[in-house]
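Features as listed in TrEMBL:
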type     : residues : note
ACT_SITE : HIS61    : active site
ACT_SITE : GLU115   : active site
ACT_SITE : HIS119   : active site
SIGNAL   : 1-23     : signal peptide
Amino acid sequence: MKSNSSTLIKLLVLGCLSVVCVAEDFDFFYFVQQWPGSYCDTKKSCCYPTTGKPAADFGIHGLWPNYKDGSYPSNCDPSNPFDQSEISDLRSSMQKEWPTLACPSGSGIEFWTHEWEKHGTCSESVIDQHGYFAAALNLKKKLSLLQALESAGIQPNGDSYSLGNIKDAVKSATGFTPFIECNVDESGNSQLYQVYFCVDTSGSDLIECPVFPHGKCGSQIEFPSF
């Protein structure tokens, strides 16, 4: 009997290691978009992708599984690497909506590989590789961030705007409170860099954020052109 119990426990542990424990559970996603003008207007600068200069619009940075305590899982399944063939029908949309601005210039493959392997694998119990990238593209379409800001008179023209007005404009248009991340330009001025929304574990529905990332902006921030 003891031997059978021991064997059962071993089987359960092995089963956990091979199936259940590969993709960690998580509480929600951060969906993060970045303003290319702010990415490029830094001391580090940027490089346009090999497909050419992206449109002057927010680009996707990532869809990141998170925990309610503010921590997050990462690199959850080395046995499930990024596979270009899985997203072949999404590739043109991803080049447009999820462009890389890192140097040296690239096609986006390296960027998307990083996002899938670091973050996407931690949600594979819920959505597969194709579903992960499709979910991010659908969220971007649903949010229309630049339109929300421009409709409130907040234009990417290098002027400074109140952080409160930016948040209010986005919340008014989307119905959800965003988190705004800033970076600094070459002169040290705070500028609008990334906008975070929270999404349920299905990757499809926006929710109010259970926790915001760390970091803060000044009360007045620039919105640079691109």
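Even glycines carry a Cβ here, placed using N, Cα and C.
GLU115 (active site) sits 8 Å from HIS61 (active site), taking the Cα positions as reference. The active-site residues HIS61, HIS119 differ in how many other CB atoms lie within 10 Å of their CB, and the one with the most is HIS119.
The local packing around GLU115 (active site), expressed as other Cβ atoms within 10 Å of its Cβ over all shown chains, amounts to 20. If you measure from the Cα atom of HIS119 (active site) to that of HIS61 (active site), you get 11 Å.
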